[in-house]
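J.: This structure is in structure tokens; I'll ask about it shortly.
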Amino acid sequence: ERGCGGLGGGAGCGGRRGRERPPMGCSGRLVGPVGGRRASLLLTMILFFTYFFSCLPGPCQPLPPALLPPPPAALPAVPGGPGAAEGPGGGSRRFPQAIIVGVKKGGTRALLEFLRAHPGVRAVGAEPHFFDRCYEKGMRWYRSLMPRTLEGQITMEKTPSYFVTKEAPRRIYNMSRDTKLIVVVRNPVTRAISDYTQTLSKNPTIPSFQALAFKNISTGLIDTSWSAVRIGIYAKHLDNWLQYFPLSKFLFVSGERLVSDPAGEMGRVQDFLGLKRVVTDKHFYFNETKGFPCLKKPEGGSKPRCLGKSKGRPHPKIDVQVVQRLREFYRPFNMKFYQMTGQDFGWD
């Protein structure tokens, strides 16, 4: 016999035309015959009105439990707070207390992998894209993606497109105004070229970098509608975030220093998250082939942890004049970004 979701024919959910099953209530329990239901309803109404009118002259004791409405459904848990979804395997699924919100091709994957070497961090491996693409799925769905954490562990996720999504700051603020936000930034010119390189690897027929970067090559007018260019205007995007979160909630990580001095940048990140400095220089070695650091083989592990083939791709050769024009375009935005963050990233 098929249930409500089945393909069986006939009347009702069961799909049988012969003996009908008693109707099913909202709670999923079977209810009795019609006469029994009516009698039960009539008795409840008599009790309720008797109680109500007898209490008009003065205060009353609380309603009998049988007449009380059912409690409301539990709301989603706040980060680290009560109501987190617990499971038989131990630990709870909590909303992330920290999110790597940007930027694409800045070094976010490397940072997440380095952080996952810390025993105090549990992170989602794939990018959830909840606050930009999947928000309509709801907070319960989002929390269900989170790994289980124990007391004292931090839940994290990373989706670099959040930084350039206008709605993301408000949505994250509505989840928790205490969320810590990490932004990995990189020289916007090399970031744009890296972004283009990734797209080119997936679609070799796209126009040249120069054709996409300029509205008019003869006048040198940059096309800011192209996402590879637009993402690198960091000051503009940060303005949007500062409408909801104070600067103290942000940590800006240098993508360049994450390569040249991973232990140093990881020290800053661990301090920001309130974690003990567990991930140090002894965890890294420099992979000459890939051109960036990898995590050494963990105890009991089979091999070192390096980023995949999609990282460290060789960039196509870009005309020097095109690169210079982009540097000039980004310079005033970079200067503003330095002032806003109080950090000089040395891109000029």
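Here, residue 1 is simply the first one shown, and the rest follow in order.
Each Cβ is built from the backbone N, Cα and C atoms, and glycine gets one as well.
The 3'-phosphoadenylyl sulfate binding site annotation in TrEMBL covers Lys105, Gly106, Gly107, Thr108, Arg109, Arg186, Ser194, Lys311, Gly312, Arg313, Pro314, His315. Annotated compositional bias 'Gly residues' per TrEMBL: 1-15, in sequence order. As annotated by TrEMBL, disulfide bond applies to Cys294-Cys306. For 96-331, the entry in TrEMBL reads domain 'Sulfotransferase'. The annotation region 'Disordered' is assigned in TrEMBL to 1-29.
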J.: Give me the non-local Cβ neighbours of Gly107 (3'-phosphoadenylyl sulfate binding site): same chain, 6+ apart in sequence, Cβ-Cβ under 8 Å, ordered along the sequence.
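T.: Expected: Val184, Arg186, Val253, Gly255, Leu258, Val259.
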J.: Here are some binding-site residues: Lys105, Arg109. Which one has the most Cβ atoms within 10 Å of its Cβ?
T.: Lys105
J.: For Cys294 (disulfide bond), identify the closest of the binding-site residues Lys105, Arg109, Ser194, Pro314, judging by Cα separation.
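T.: Going through Lys105, Arg109, Ser194, Pro314 one by one, the Cα closest to that of Cys294 (disulfide bond) is Arg109.
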J.: About how far apart, in whole Å, are the alpha carbons (Cα) of Lys105 (3'-phosphoadenylyl sulfate binding site) and Cys306 (disulfide bond)?
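T.: Their Cα atoms are separated by 16 Å.
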